[in-house]
Amino acid sequence: MRFYCLALIFSLCSLLVFSQQSFRVVSGKIRDARQQTPLPYASVQALHESSRTTANGHGDFLLKIPLWDRPDSLVITFMGYRRVVIPVPQEDGHLNVNLEQASMELAPVIISTPNGQSLIEKAIARMPANYDTARLRLSAFYREDIRMGQDTLNYNESVLDIFKVYRQPGQQDQIRLVKGRKHQTPPRDDPRFYNWISNITNTAYSSLMEDLQKSPDAPRSFLNPDNFYLYRFVYREAIMEGDRRLLIVDYMPRKPHKKALTKGTVYLEDSTLAIVKVVWSLTPDGANWINKHGMGGVAYTIMSRLMKASLTFQDAITTIQYKPYKGKWYLEQVHRHWELVVNSRSRQVHNAPWKGDFLLQVTGISTDSVKPFDAGVASKAAAVGQLIPQRYDTAFWENFNILLPDIPDTVKLTTTKDTAAVPGIRLSNRENGFTRRDTLRGMLSPFRTCYDVTFYNLDVSVSAEKKYIRGRNEIQFRVMQPFSRFQLDLYANMVIDSVLYKDAPVSYTREYDAVFITLPDTLISGQSAVTIVYHGQPQEGDARLPMYGGILYDKDPAGNPWTQMVCQGSGASVWWPNKDHQSDEPDSMRIAVTVPAGYTEISNGQLLSKVNLGDTSTRYEWRVTYPVNNYNVSFCIGKYSHFTDQYRSITGDTLVLDYYVLPMHLERARKLFPEVKQMLATFEKAFGAYPFPRDGFKLVESPYPMEHQSIVCFGKILNDTGLLILPSIIWHESAHEWWGNAITSEDIADMWIHEGFATYAEVLMTEMLFGKAVGAATVAESKTGVLNKEPVIGVYNVNHIHYDIGDMYTKASLMLHTLRQLLPGDSAWYTLLNNIQRQYRYRTLSSDSLEAFISHQMKRNLKPFFDQYLRLTTIPRLEYSLKNVAGGLQLRYRWAGTVAGFDMPVKYTIGEKPGGWLYPEAEWKVTTLKKMNAEDVGVDDENFYITVEKQ
């Protein structure tokens, strides 16, 4: 209660301070002088001073001018109109401002009309010279105004701090919310529905993406030369705006065409041919395309079906405007006006008009020492209004009167976190080479291949309070080759108390994280064992470096300690001694973990016993009855609620489902988790029976999502109160029971086998729930996430994984979807997946082995296919040209930028329907398509992960 009062007093004080500032208030309305129609978003600025605003969508403005700012004139501007300079009223007052259209340049008697398309082509070529290609720091005003009929659904305004990139690969725009306000809406009887139609995700980020310089070659852009055949570019006139001569080019479809999505007007500065303004709107075909492909993508489709409602585009008008600054042109304003209709039969809503205005107004530009933000970055998945607290600050501003406080320049003052400076982080990458430490960790030397682990007996005590582990591990092994000295692994920061062989201490040496043990006898054959007793503070996981694993010390929402071990990448030797190489799995394992009393501990396998050790601690003992990879051995410790269910497997056996969640999320989990059985059924159909029936299937809420064998951790997603279906992270992590746990890559460099198949399992789940078309759309959307900076397959024998490995997920999944297209149907696809599981279950494998197996199954040489997608960063490029000839359409085509022997067939399309197969190779091929129009023929780059270049 005391905290609440202090917060209230503080907020009141801040409002009083703000309200005590003195302003002169000037309001007005800006119209077209001839037609008396409002000029929305016209600019209003005090001459030579900092006060500025922009009119709203109805041409109304309100400008607050601090008394210390004493301008004598206001400047009102609107692109295509003459600017007006008028005196500032001596007192608060209302102005009616009429702007005249900019004068059209009088043509001489003899005139050569410029070619519109030629002007556009030159403007595109000059983009790098006309616009700043460096990274920028922008301040901006942002407004959303969403209405359904007369009902305001969402109105919010905010000040944004923006890190903006040009087109550099691998970098992305970032947005931070400085401050904001929003109108509170009354409680709704159907809150989920109204929340869905009121909060549009990613609108601020997508406004930045409207910047023409970012993607003039986007597949459907009217500026993409490949699309010029769809449009006519017509020079209209030249006008004078101030001292600038502007050339106006209108563009429109040559004729109605499903690929001609927009029409509009382009304003070019005559001297530089810089594009200074564009106004475009949707064509009917554009509206149809957006309704099929662009309505928020797969996420919209899924939510639409869950909500039993739809939003349908009728029109969209976008205005993009630039302003000059220090010799370059910079984004100044993006205004988007959308008109849709809402339908929901169950709610008796029929064609309800939905209108949205989204406005981004840049108010400040900085080009000095700009670096990415390292904190406070808004999620691209969040709606702007949801980032703003639930209050409407009347002392904020009206319209665009932006009185910005000093924004701490954290971009300049705070250096992006440098992982190289973090103690304990060991960087090894392709650029800098590898070290002896990497080789010891990743190489299968004779000191490792001389034995094969058969059983681990691990017994540890964990103290989150002291960040401390004490334990012992008995390692049973089979002798493969005679030896007396061999290698185990335990991170160098962990202390070894003793190494025991036949209950007697033996000598050992340590080199980095390797432990070399010398036995008194040479082992020739048979079984043997050693025990290591140890203690220490395990490395803590650090998300700043990919796959930098370790122990995670967290707090649950109630403030209780919440601990998890996540060691993939760094390896299990981060916390317990073992032969830390993915190629060697024990046949079974015993795990005992002692934790403070009152806490639940969950590990892999079957729970054998839970024993209270006095009043201070509890000991949990688990048994794993299948081979398990070292990094999959884990524990979660917290205040858990536990409930169970059962699933009947395709084998006819009953699988026990154990669910461990935080108490405050118990009811939410009970509602969601019945869908787990549907998920397991889908995966069993695709991949075969669940691999670990004796050990059961556990879903565990955790600080971090991770696929530990039979203990699938799904992170903190139950914090989301709006969940309607089982989240996809549970699909992904559960799919790892088949891909990563039942079969495991021998070297972490081949981890695409884990992540590519698990990512594609999400597609299969989407297909099952929402149809095959939605599944295919999920794959197509993922293409933008591929970086292609590193080959999918990493470097062998060094355990190198500390780099951006996202392509092991996304690109590998796209490759699998492409591979699926080469099979005759879904039955063949599922047969292949099942056969892979049967061949390699409970084994480790290499990418080479899997590739050879798939080639054998599909009865074709797929080595060039896998080399292209897994070992190169270039994507196959299909080059083709079309020419009308007697009897039809001549199609020339070939593969370019591919490895030798790459001959993957690909499908062509007729309109939006499948056509037939093409069989390209490196050399040009020619075929004739009968009774075809050139504009109707395309290539299926939605289902094949390729690029297409029309000659």
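Positions of Cβ are set from backbone N, Cα and C atoms, glycine also.
As annotated by TrEMBL, signal peptide applies to 1-19.
Residues or ranges marked as domain 'Peptidase M1 membrane alanine aminopeptidase' in TrEMBL: 728-869.
Neighbour count (other Cβ atoms within 10 Å of the Cβ, all protein chains): 22 for His736 (Zn(2+) binding site). Annotation source TrEMBL lists Zn(2+) binding site at His732, His736, Glu755.
If you draw a 10 Å sphere around the CB of Tyr809 (active site, proton donor), it holds 23 other CB atoms from the protein chains shown. Feature annotation from TrEMBL assigns active site, proton donor to Tyr809.
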Which residues, same chain and not among His732, His736, Glu755, have a CB within 8 angstroms of the centroid of the CB atoms at the recorded Zn(2+) site?
Glu707, Glu733, Ala735, Trp739, Gly740, His754, Phe757, Ala758, Thr759, Ala761, Tyr809
Ranking the binding-site residues His732, Glu755 by other Cβ atoms within 10 Å, which is at the bottom?
His732
Within the domain 'Peptidase M1 membrane alanine aminopeptidase' (728-869), how many residues are helix, strand or coil going by DSSP?
94 helix, 7 strand, 41 coil
Euclidean distance between Cα atoms of Tyr809 (active site, proton donor) and His732 (Zn(2+) binding site), Å:
11
